[in-house]
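According to TrEMBL, the protein carries these features:
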type	residues	note
DOMAIN	11-127	domain 'Response regulatory'
MOD_RES	Asp60	4-aspartylphosphate
DOMAIN	139-212	domain 'PAS'
DOMAIN	294-437	domain 'GGDEF'
DOMAIN	448-702	domain 'EAL'
Amino acid sequence: MNIVMNVSQIHILVVDDAQLIRNMMVQVLKKAGYIVNTAENGQEAVDYFTEHHPDLILMDADMPILNGLEACQRIRDLPEGKNVPILIVTAFGEREWVDRAYQMGATDYLTKPVNWHVLRNRIHYILQARQAEEALFEEKERAQVTLASIGDGVITTDADGNVDYINPVATRLTGWTAAKAYGRPLQNVFFIIDETTGEAVPISLQRCLEQGEIDDIAKENHVLFNHQTKDYFAIEDSVAPIRDRKGNIIGVVVVFHDVTELVYKSKHDSLTDLYNRREFESRLKRILHTRTPTEHCLLYMDLDQFKIVNDLCGHEAGDQLLKDIALLLKQRVKEYNGYGRATLARLGGDEFGLLLEKCNLEQALKIANNIRVAVETYRFFWRSDAQETGVFSIGISIGLVPFNTEHAPQHDVLAMADASCFAAKHAGRNIVHVYQEKHAEQLERHKEIQWVSLINDNLTRENGFSLYYQPIMPLSEPEQGFYYEILLRMDDQRGNLLSPGSFLSAAGRHNLMPVLDQWVVKTVLQWFVDNPRYIPQLTLLSINISGHSLSDKNFLTTVIDDIRHAPIPPYKLCFEINETSAITNLSGAVNFMTQLKKLGCRFALDNFGSGMSSFNYLKNLPIDFIKIDGDFVKGIVNDPIDYATVKAINDIGHLMHLKTIAERVETKAILDKLKGINVDYVQGYWVGEPQPLKIKEMIHKS
């Protein structure tokens, strides 16, 4: 800390009964630039200090009326005199005088005759030390005021992990006052419990104290327990080491803030104040991970006649009805006297879920029927400015699934309850339907309906589907431009993106593939209308076409028309067709390819090698590329049969003047093997991961 003193503003009081010495001191000090005043005895010094508060006092010891040592003590007794520097300047150098001077409060002691050079330097360093002390005090005071004013809780400990400071926010959140917290282990004051189990969470400061790493204490589902109110607070925290000047760790500081409201909002439905689907599924997942024989039950509930209220009276009435039903469900769930926890949630729309932990089927059926009767007898009244009062009766269909975590398929419990609810609706509504194993076929059918509904709904939404691109890297001619494959993703409307493997089979069985393929082609071509600057650097762009679209005349006509009006040259477009689809519909595939090749488009046969008689069909299909099945490619390093298969496909492809592309290249070892057998192109995570097409620049990340 650099202290710069302005001596012209420093006020020194010289106290001595010898006028000659006083005059000499005044002369020396004024020459040095100080403001100087004098007193002839100790009493004058006390009186002068009381009124004027000088910055430093030079005090003789042996003086009439009141000696210097007693005057020193009196000044120290004054509130303003506790910190003023007092330098005793006397002829007495005996040990008794020196010890008594320091006992009476002297800052330092200097004997006469005075060495003026020493005196000047002694004064300078005493004042400098005083200013440094004041600066440190001010800095500490600012820090204390800041810590007392901020919205975060702050606790510091010593090297043993015992509390030595706690600010007001930390006091409010923990329930510990500074006086009671001081000296206690951090574990006792900053008491964390697991919200799920109710058990205390041990606090370990070792990594922070020993290794100096910044860490956090409260993890997911951990809450802070308040010692006084017995309340719980969700918090975010960090723990950091405190070091001394030499870098040694002398304690830790814990900084934390209350996120209870934010966490509450993230876990609850804003309309009904019930838990939301995300929290419901999270709790179900935690239960399923425990793997115990304990029985639990899940209720999936869907309101009957809700759409009538919503359509006739409007969304405001629909929202009010949902809030009323939520309150009604809360009241019925409170009657659950099981030993476990009951989690009631709004799963979306007019659907609700109830997770009953440690609950058998008999108890769950009783609760379900109580809920059904309560909703059945409930009457909803609605009056708007434009309508007369309407009275509506509604019902509730409930699907119930008993399960234990030893045997329950983790991803199917909620789906089984949903399917049971679906069955309840189809069985006449307003009933409770218990899931049984014989309903598995019905569950699959219900899943299929859900997939079809989700696909159709996403086709009408702006961001229901999205496109990604993945680079394909040339090995034999690396100077070629960029080559990409377009990949499709679907929004599951819960914040996740699904790969095609999740939904294409359902789309295929319900004749939705031509619609999806057409959406992909149109979206890709429109992207190049909006971003024409990427066309010159592009060598080739692959678009997947399903087997269902090959024989769809309307699809072919639409694609040809779209390509003719697109800014991208047709020879830069390559359509990928799955080998099995091409062989299954050989004539349709040949016709489709022939028509588009007239425009200049190219074709690749995808997953080549997966069919039983792959090579027999190669000469009948007007293709340009073979994409070697990734199941063979991933094994070429360790499996000689896979290696031989890939090499054979590559060699025969070259004999037929076709380019080869190896899929699922995920390691450098695989890449090196493919280079050794002269494969033309490679694709996979080693080359580049899929990137969203919506970003403004296509970046080749090989």
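Each residue, glycine too, has its Cβ placed from N, Cα and C.
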Per DSSP, how many helix, strand and coil residues does the domain 'PAS' (139-212) have? 32 helix, 15 strand, 27 coil
Sort the residues of the domain 'GGDEF' (294-437) into helix, strand and coil with DSSP and give the three counts. 59 helix, 44 strand, 41 coil
DSSP three-state assignment (helix, strand or coil) for Asp60 (4-aspartylphosphate): coil
